[in-house]
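Visitor: Submitted below is the structure of interest, expressed as structure tokens.
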There are 2 protein chains.
Amino acid sequence: MENNTRRDFLKKATAATAVAATATTIGAPAIVRAEKTYNWKMVTTWPPHFPLLGEGADKLAEMIRTMSGGRLNIQVYGGGELVPALQAFDAVSQGMVEMGHGAAYYWAGKSPAAQFFAAVPFGMNAQAMNAWLYAGGGMKLWEDVYSKFNLKPLPAGNTGVQMGGWFNREIKSMDDFKGLKMRIPGLGGKVLSKAGGTAVLSAGGELYTNLERGVIDATEWVGPYNDYMMGFYKVAKYYYYPGWHEAGSVLESFVNKSAYEALPEDLQAIVTNATIASNMWVLCESEAKNNIYLDKMLKEEGVILKKFPADVISQLRKYSVEVLEEAVANDPESQKVYDSFKAFQKQQLAWSKISEQPYYELFD
Amino acid sequence: MENNTRRDFLKKATAATAVAATATTIGAPAIVRAEKTYNWKMVTTWPPHFPLLGEGADKLAEMIRTMSGGRLNIQVYGGGELVPALQAFDAVSQGMVEMGHGAAYYWAGKSPAAQFFAAVPFGMNAQAMNAWLYAGGGMKLWEDVYSKFNLKPLPAGNTGVQMGGWFNREIKSMDDFKGLKMRIPGLGGKVLSKAGGTAVLSAGGELYTNLERGVIDATEWVGPYNDYMMGFYKVAKYYYYPGWHEAGSVLESFVNKSAYEALPEDLQAIVTNATIASNMWVLCESEAKNNIYLDKMLKEEGVILKKFPADVISQLRKYSVEVLEEAVANDPESQKVYDSFKAFQKQQLAWSKISEQPYYELFD
């Protein structure tokens, strides 16, 4: 098979270049071809070089540039630098730029199904999400959802299990959610509403001040590494776990489909595999740094670590099922994605009960 | 920076090719260069196309071929096809072939430190191993250990948490290990010996027959997907979890350092990132398939699923610490690797206690 592949390749290369030059290195077979270079723009939903998330976008562009030998150069723009953060999807969809970087739940307004490719309350963790996307049929569904927008989606990072958020008062029972003003977007916010709280919309840059001034009583963000950078420990005391609302948030890259299809096969493969490598990179960075920053906050900043009580988790889970069912109820596409997500998660949890979960218990 | 990078690249490309041809595609910037093609051989420790493990090697070669546009073609050989499985390390080290695929614990005889880069008893799971290797200093240590053999190591897959093995009798207490003849290689085997059992060496191909004939009373292998393929359910009744001896076994690729360094920068990056993508691929395949095959064995084949009792785990853990300390005692290089491994695992477990572990408990 190798011989055929090589023959086919040589045939294509020759046709593409129509250059009759011969090898310039003695004793080494050589292919001479004219290679088009591509200069792309990537718009992101993150502040420039933002820890983990923006860094993940930078890293992705760098890997593509190196692997392509400079044939595919991608200039990365932070949110607002070229287009506002939340217009990244449209900018790539309309071909204004070739590539974007964000998280699929930002595009719930375009398609409610998108949320399942980022994170949903009581959804899957990083390992399960990756298995669903890459080996359980998830990518096919995601591609279908995005193809209507002339976009090709690619997972490009994962935060791991997030924290439950920063609270300026304790959560001892479901009653403590009543009247609680919390920054928690999307479906998580709808769960909070069912619990009697108020989901407050607040941009990342305003969170610290809003928490300090009591405009909000609580906020979720990411995990200890990112949360430390935001300084929340200075204005809220209680740091809750686990992040039931975002157990394995997927960062995405999305490419304008026409631009992607115009790439030669090798550059297409480079883009795809670079996103897989950046998916790994973000998760590993996050996992390696979270405990260091958690430790710092607990030992040096007097943060009080708290676990949500079991009955609170149990009630939030019930509300979450309701919220998910309501979200997909009138949209067959979302229902289809939810069904696949749910079936895979069920199977994955059954396996985890005898693999990952008892692994952690080995060290109890 | 992009402009500089591009300028540097163009300069290099021109110098390398000394071809004065101009662009052949109208309106598109083009680089014309003579490109050397590389035909490599990869020897593996797996039977050809063996589920997950051999498939991982095939997949890796395929990704490299596609991303390199056919400039780096790697022919994959199963164990014994070109050299015996356990001579893969030497064959690549000596430059007989350019690349290998296996698991680092096979080379404990070369350096006891190697085992920490595959799996050790009560070691880390896949997510923690990846975080240690890619973001916690593990790769640097691994590179140092292998560089003496003129090899460059690259993680290229992970089995996830393995199963504890197939037993023809129940393990109710530590007494049940006394006199137990089990196929369990390496450090896991040494733990079994401390428990009064006998670690029997047995090649994969002989395991089924040996278990059937009572030459051994038990065997570990991988997880439900791979174990199903081996047919063990036909000759042993009890299927134990969790795999305390291999919580996240890393598959490795290793490249002859001189061959790697002779590659241009783009192909080096392609090799490195392809191994990261294949690392992801193997784990996702494994995670997506394990429960399907477990289910099959439980429902259709009458397999009895058993969890090792807590006091057994606790005692095995004590023995494991002793075994690891003995293994590194007289080898400063191993001690250094063990220290890094242990410190990272400790930090990782602390973080997991408030992230991954409570995530799984959400669904209890």
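Every residue number used here counts from 1 along the chain in the order it is shown.
Cβ from N, Cα, C; glycine included.
The shown structure was predicted, so the numbers you read here are calculated from the model rather than taken from an experiment.
Pulled these features from TrEMBL for this protein:
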BINDING   A:Gln162, A:Arg183, A:Glu220, A:Glu246  substrate binding site
BINDING   A:Trp221  Na(+) binding site
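For each feature listed, report its degree of burial, its nearest neighbours and the pertinent distances within the displayed model.
Guide: Over all protein chains present, the Cβ of A:Glu220 (substrate binding site) has 25 other Cβ atoms lying within 10 Å.
Mapped onto three states, the DSSP output places A:Trp221 (Na(+) binding site) in coil.
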Visitor: Fewest other Cβ atoms within 10 Å: which of the binding-site residues A:Gln162, A:Arg183, A:Trp221, A:Glu246 wins that one? Let me know.
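Guide: With the binding-site residues A:Gln162, A:Arg183, A:Trp221, A:Glu246, fewest surrounding Cβ atoms within 10 Å: A:Trp221.
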Visitor: What's the CA-CA gap between A:Glu246 (substrate binding site) and A:Trp221 (Na(+) binding site) in angstrom, rounded?
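Guide: Each residue's Cα considered, A:Glu246 (substrate binding site) and A:Trp221 (Na(+) binding site) end up 10 Å apart.
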Visitor: Given the substrate site residues A:Gln162, A:Arg183, A:Glu220, A:Glu246, which other residues of that chain have a Cβ within 8 Å of the mean position of their Cβ atoms, reported in sequence order?
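Guide: Those within range, site residues removed, are A:Met163, A:Gly164, A:Gly165, A:Ile184, A:Pro185, A:Gly188, A:Thr219, A:Trp221, A:Val222, A:Gly243, A:His245.
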Visitor: Over the residue list A:Gln162, A:Arg183, A:Glu220, A:Glu246, recorded for substrate, what is the maximum interresidue Cα distance in Å?
Guide: 15
Visitor: Using the alpha carbons only, what distance in Å do you get between A:Arg183 (substrate binding site) and A:Trp221 (Na(+) binding site) once rounded?
Guide: 9
